[in-house]
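Listed in TrEMBL for this protein:
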- 14-189: domain 'Glucose-6-phosphate dehydrogenase NAD-binding' (DOMAIN)
- ARG51, LYS150: NADP(+) binding site (BINDING)
- HIS180, LYS184, GLU218, ASP237, LYS333: substrate binding site (BINDING)
- 191-481: domain 'Glucose-6-phosphate dehydrogenase C-terminal' (DOMAIN)
- HIS242: active site, proton acceptor (ACT_SITE)
Amino acid sequence: MVSTVIPVHPFDLVIFGATGDLSHRKILPSLYRRMLVGQMPAGSRLIGAARSKMTRAEFRKTVREALGEFVEAKHQKPEAIEEFLNAIDYVAIDATGDAGWGALAKKLDEKPDNIRAFYLSVAPALFAPIAARLAQTGIATPESRIVVEKPLGHDLASAKTLNAELRKHFHESQIYRIDHYLGKETVQNLMAIRFANALFEPLWNSHYVEQVQITVAESIGVAGRGAYYDKSGAMRDMVQNHMMQLLCLTAMEPPSKFDPDAVRDEKLKVIRALDPLKVSDTVRGQYRAGGGDGSYLDHVGNPASRTESFVGLRVHIANWRWSGTPFYLRTGKKLTARVSEICVVFKHPPHTIFPQVDTLRGNALIIRLQPNEGITLRVAIKDPGPGGMRLVEVPLDMTFAGTLGPDGDLPEAYERLIMDVIRGNQTLFMRGDEVEAAWEWADPILTAWEESGSRPMPYDPGSAGPIDVYKLTGSDGHLWREIAA
Ligand SMILES: NC(=O)C1=CN([C@@H]2O[C@H](COP(=O)(O)OP(=O)(O)OC[C@H]3O[C@@H](n4cnc5c(N)ncnc54)[C@H](OP(=O)(O)O)[C@@H]3O)[C@@H](O)[C@H]2O)C=CC1
Ligand SMILES: O=C1O[C@H](COP(=O)(O)O)[C@@H](O)[C@H](O)[C@H]1O
């Protein structure tokens, strides 16, 4: 299968924080891969900006090293790397000082017709000062785009402040808030499956859906990121943003069209329809030491930490479509496997004419984000052979890798999202009101946990989380799906 590459207009992408980890691991390799497929037209430039004083040649050397480390071997093509490096420039700018802005303005003015985008790959405290400088110096034009990424606030108040700061200088239509889960191929496919097929939508409601499970399990711990993570925890790090987006796309009404505001309006309605979370509908966990590795407390270097590395939730959406259908969410570090999926479990038929088989779990649509991106429909059929009319459940598999063939590559989330910035398409980016509404929902439970003074439940590395997470589903007579890669 050959995927279509949509041409883009020549662009200048200025990466603030270009010497940092995100730039090296994700942004630059993604741009390189897009260049390989012809999405970096001649005349486009990538302008690194960071505090470090270095020449263009020195910066290019760091980019070459980053590509060497973070681009798959099969894509390491010397000629292409040279071509990519030729498009790279650098300006030393301290975001909080005066130096460097003039040089950046001069460079950008060399190509006034290029699309201008500014990627703020820096600490959130620098978002407002950089946005202000870009506006005050006239570097940002009314058509320019600004890209920011999580953490978009620590709570509702800080998210509102951040939005207000950005909106002082940029219109909402210029602000691209990245949630990299929205760039994942299967997440976009969730919309295709729901809204391009007549098959599912009539069943997509509480009359037919028994329960929905959203799992984002990771096998890694927080070692190396402890300083950030311990101030955040799984609720802020994963639930308020990535999992909320998955929940919204699963539960939203069909938008009237596939345009940014139509989609984001529907997502916002889901967040606003969420019932307030009760503490009894939540489970927090912290991983123990095991398998030769330290515990969460060791990894964050804080023996008194009450930050959660696991969250399980039972969520209710108070609207006509979903009233009565529980949505179970769980995410955590150091679990059995790295698995992200959404599982929509349908109700059993109202009457069965076949011999009862206890192992039948019911139809389910499993949307697998990673690994093995794809969609599976679990259906009941007759157990093949002469054994009589016994039923068995089999997967109807729509794994994307199979469709793409053995050498097929799905674009990385950042590739898709950065190109959408250049194309000026905000559909897969969070609008400011969505971010605030998600914090408004998350804040009370974060406060309740904090005020309770209780500690998260310990769980073993390699497990499915703390034992109490089974009570969330068990009390409704449901079972979590196994976490298996
Ligand atoms: N790393 C990741 O995987 C992810 C990161 N993020 C977010 O992205 C942002 C960047 O993260 P990350 O790359 O890991 O951070 P790093 O600490 O690795 O890099 C920070 C970058 O900011 C630059 N910088 C720091 N202070 C200034 C300043 N005063 N003026 C100009 N530039 C400055 C640094 O430049 P210099 O080296 O010259 O000082 C460096 O390029 C953060 O907000 C983070 O939360 C979000 C998701 C994932
Ligand atoms: O944003 C984050 O996401 C990663 C998980 O992303 P994935 O694409 O690998 O599923 C998570 O590890 C990290 O803690 C969080 O900040």
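Placement of Cβ uses the backbone N, Cα and C atoms for every residue, glycine included.
Feature annotations (TrEMBL) mapped to structure.
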| residue | record | contacts (Cβ under 8 Å, 6+ apart) |
| --- | --- | --- |
| ARG51 | NADP(+) binding site | ALA92, ILE93, ASP94, ALA95 |
| LYS150 | NADP(+) binding site | ILE178, ASP179, ASN241 |
| HIS180 | substrate binding site | LYS26, GLU149, HIS242, ALA413, TYR414, LEU417 |
| LYS184 | substrate binding site | LEU369, GLN370, GLU373, ALA413 |
| GLU218 | substrate binding site | THR331, GLY332, LYS333, LYS334, LEU335, ARG338 |
| ASP237 | substrate binding site | TYR229 |
### recorded positions compared (HIS242, LYS333) - the one with the fewest other Cβ atoms within 10 Å
HIS242
### Task
May I ask which of the recorded positions LYS184, GLU218, ASP237, HIS242, LYS333 have a CB within less than 6 Å of any atom of ligand 1, listed in sequence order?
none
### Summary
Once DSSP output is merged into helix, strand and coil, HIS242 (active site, proton acceptor) belongs to helix
## Note on the structure
Close to ligand 2, in the sense of Cβ under 6 Å, among ARG51, LYS184, ASP237, LYS333 as binding-site residues, are ASP237
### Summary
Pairwise CA distances across HIS180, LYS184, GLU218, ASP237, LYS333 (listed as binding substrate) top out, in Å, at 20
